[in-house]
Amino acid sequence: GWLFWRVMACGRRSGDSKRQVILFILCVCVWQSGADTLRYSLPEEMERDSFVANIAEDLGVPLSQLAARKARVVSEGSEQLFRLSQNTGVLTVKESLDREEICPQSDTCTLAFKIFFENPLQLIRGEVEVRDVNDNSPVFPEKEMVLEIPETTSPGSRFPLESAQDKDVGMNGLQNYSLGPNPHFSLAIGTGKDGVKYVELVLQRQLDREEQGELNLLLTAIDGGSPPRSGTAQVRIVVVDANDNVPVFERETYEVRLAENSPLEQLVVRVAAADPDDGSYGKVRYVFTQTSERSRQLFQLNPTTGEIRVAGNLDFEEAKTHKMVVKATDGGELSAHCKVQVEVLDANDNAPEIALTSLTASIPEDAPPRTVVALFSVRDRDSGDNGRTECSIDGDLPFSLTPTFDNYYELRTNAALDREKTAEYNITITATDWGRMRLSSRESIFVQISDVNDNPPEFTQEVYTMSVTENNSPMLRIGSMKATDADAGKNARVNYALVRQEGKEQPEVSVSPENGDVYVLRPLDYEKVRAFEVTVRAADGGSPPLSAQAVLRVIVRDENDNAPVLLHPPADSSAAGELVPRWAPAGYLVAKVVAVDADAGQNAWLSYELAKATEPGLFRVGLHSGEVRMARAVTERDAARQRLIVLVRDRGQPPRSATATLAVALVDGFSEAHLRVSEEAPAADPDEPLTLYLIASLVCVSALFLATAVAAVVVKVRRARRSETETLPTFPTTATESTAGSLPRSYVYDVCFAAGTVNSEFRFLRPLLPCFPAGLPPGPGEQRSSVCSQDAANLGGEGG
């Protein structure tokens with residue numbers, strides 16, 4: 001930073017702006033190449049928000065750049081210990097730091113942090129060493145230590161004492177021991193290979209139990225702080241009678257390798273000491289001595305068997321080795337010592353930790369590929385392959401991970417985005433270590449895709465078909481058109497409008513701009529307009545707007561506003577005359593009532609019923625065909641003239657109707673021989689040839705007359721087809737179609753022979769069909785006939 005401002009000052013004195021720029025670039029390059037790690041130190045137990053360093057001055061960065069580049073500090077681990085002010089550039093501690101809590105069992109305590117700059121992205125590493133202060137006094141595990149020493153112990157013998165524990169390190173840690181004045185013992189202080197001081201009691205003068213059976217000594221542990229701190233413990237010496245053999249361990253040092261997270265009660269090692277004495281002097285008991293409190297918590301020693309078992313959770317990351325001293329004491333209070341050293345093997349018991357540093361919560365759907373979405377780091381507290389990590393994204397998503405520096409990764413897009421397909425992504429990042437039993441952790445990142453107007457509205461149908469009943473009220477709603485837009489917000493707000501076409505009349509409907517409801521502007525008439533089409537446009541609210549079109553087809557439904565119209569018999573005639581022979585059987589066709597209805601559909605479906613008759617039980621009317629037939633045979637009591645009123649009714653709601661009047665004359669001048677030949681003919685007798693001759697003659701005459709009748713029918717049909725030049729009043733097509741099915745589909749002929757006559761009188765009846773006016777086509781499968789019921793009456797008169 002000093003070099004940067006010196007170079008800039010030189011550039012200003014030189015007055016050359018180009019040189020100033022070159023010098024600035026050179027300064028930045030030099031600073032970037034030389035700035036490896038920022039190192040600071042501060043004593044522990046400093047108050048909250050205590051000053052650590054001025055980052056802006058140390059880096060030579062103007063204060064304005066701190067806020068502009070969003071400078072921030074990130075500590076390693078899950079807990080953030082420092083705070084960086086963007087206004088002053090000062091790095092402070094967030095909370096008071098306790099070195100013994102942060103870095104237990106460590107001589108040095110260094111906290112690593114990183115300072116991030118954006119635009120462009122830059123990382124500065126830093127370390128803060130937390131210096132130890134003398135805030136802990138040495139503490140003995142027990143306030144009183146009892147030693148039972150035989151009186152025969154020779155001078156120079158050494159007796160290990162419990163070491164004091166001091167949480168401070170360095171000069172502030174345990175430095176010396178002192179023993180209160182006494183005539184028998186002195187202290188020997190030594191340092192082990194691990195640098196831990198131990199103390200032993202040295203016998204200087206022979207003990208005599210009879211002279212003094214017990215001694216009380218004051219042991220003091222002193223650290224090297226300024227001012228020094230100390231801790232004391234009482235050493236009680238019990239002089240016992242002679243025991244000439246001490247326990248002997250099999251080995252002086254037991255070395256064991258044990259995996260971390262070993263289950264509780266797992267056997268670590270079994271120490272064994274032998275004592276050749278008999279009785280109580282030969283029984284050995286085992287206890288820990290000169291062992292830290294943490295090791296006592298993690299391991300359990302069986303005082304009888306010497307088995308050491310796991311009593312707590314071993315953690316390689318907390319301590320890699322544990323050293324313990326086991327004392328074996330016999331019944332005569334003679335003791336021996338051995339060392340137990342447990343090496344903790346690392347197990348893959350720590351999953352990787354993902355720490356999110358920067359995140360862009362929303363990106364537009366037209367963002368180009370390789371757009372940075374998030375920055376995060378991965379840390380695994382294990383060692384070796386157990387601490388190596390790799391990251392991946394779950395699922396097939398348009399994102400990828402790019403390693404940057406240290407264990408940092410960038411989350412980037414790797415394909416074009418489409419909000420309409422996926423409006424948001426829940427990205428799951430999986431960090432996996434390389435351990436044998438691989439552990440992993442996951443972090444979910446929620447990214448929302450903002451909308452761009454890239455989709456036009458879409459109608460749910462290309463053609464909408466709606467119907468309205470004629471004679472409707474003005475501004476009647478008949479339905480709704482719906483268009484959806486896959487975009488969001490104002491880009492998805494759809495407005496509807498009719499497309500005006502030049503040269504066409506004003507449409508009969510209107511469309512609501514907001515919801516697409518369709519309204520009929522004025523009453524419609526089915527008989528004038530049966531259907532029409534308009535085009536509707538739907539446009540969104542984007543800029544520029546996008547639109548789509550659909551066709552609206554309106555079908556006018558018929559209303560039952562037309563009554564049936566009679567074609568036969570004509571409505572203006574008082575009564576139509578029909579002739580029926582008295583011998584006519586049940587089902588005999590008397591006449592057919594034909595009517596049409598200008599409406600359509602169900603409103604034009606006609607039904608026929610006999611409303612009134614001189615003899616109600618003599619006739620019946622086909623419900624759908626309109627055919628009037630004999631319901632039973634004629635009796636002598638039936639009147640010769642019958643008057644029928646047929647009611648024609650449509651199926652509209654409410655129904656409309658018309659009536660037809662028929663006059664039927666019952667005549668008995670027709671022969672019934674053809675009906676009775678098969679019934680009255682006597683059985684053939686081979687002895688009577690005259691009967692055979694009569695039968696043969698009758699068959700020949702019948703065949704001759706039948707051929708004549710067929711020829712007459714053919715001639716009549718041909719003449720009727722040539723005379724089809726007259727015109728009829730025009731009726732709606734639907735009405736004609738609706739009644740076409742009710743017309744008769746065959747001709748009916750009667751050939752009669754008068755019984756008892758030589759010439760066998762022959763009469764021909766024309767087909768009993770309604771008269772089709774010229775221009776009205778017959779129904780499917782029917783033959784055209786111009787014979788009217790009046791002709792039938794005349795024929796009846798002529799035939800007598």
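Residue positions begin at 1 at the first shown residue.
Heads up, the Cβ atoms here are built off N, Cα and C, so glycines get one too.
Annotated domain 'Cadherin' per TrEMBL: 82-140, 141-249, 250-354, 355-459, 460-566, 580-684, in sequence order. Residues or ranges marked as transmembrane segment in TrEMBL: 692-715. Per TrEMBL, the feature region 'Disordered' maps to 779-800. According to TrEMBL, the feature compositional bias 'Polar residues' maps to 783-792.
Touching of the domain 'Cadherin' (460-566) and the domain 'Cadherin' (580-684) is concluded from the presence of at least three CB pairs under 8 A, sequence neighbours closer than 6 excluded.
In summary, the domain 'Cadherin' (82-140) does not lie against the domain 'Cadherin' (580-684): fewer than three C-beta pairs, each 6 or more positions apart in sequence, are under 8 Å. For the domain 'Cadherin' (141-249), the number of residues in each DSSP class (helix H, G, I; strand E, B; coil) is 3 helix, 54 strand, 52 coil. In terms of DSSP helix, strand and coil, the domain 'Cadherin' (250-354) has 10 helix, 47 strand, 48 coil.
Helix, strand and coil counts under DSSP for the domain 'Cadherin' (355-459) come to 4 helix, 55 strand, 46 coil. With helix defined as DSSP H, G or I and strand as E or B, the domain 'Cadherin' (82-140) counts 4 helix, 26 strand, 29 coil. The domain 'Cadherin' (580-684): residue composition by secondary structure is 12 helix, 45 strand, 48 coil, according to DSSP.
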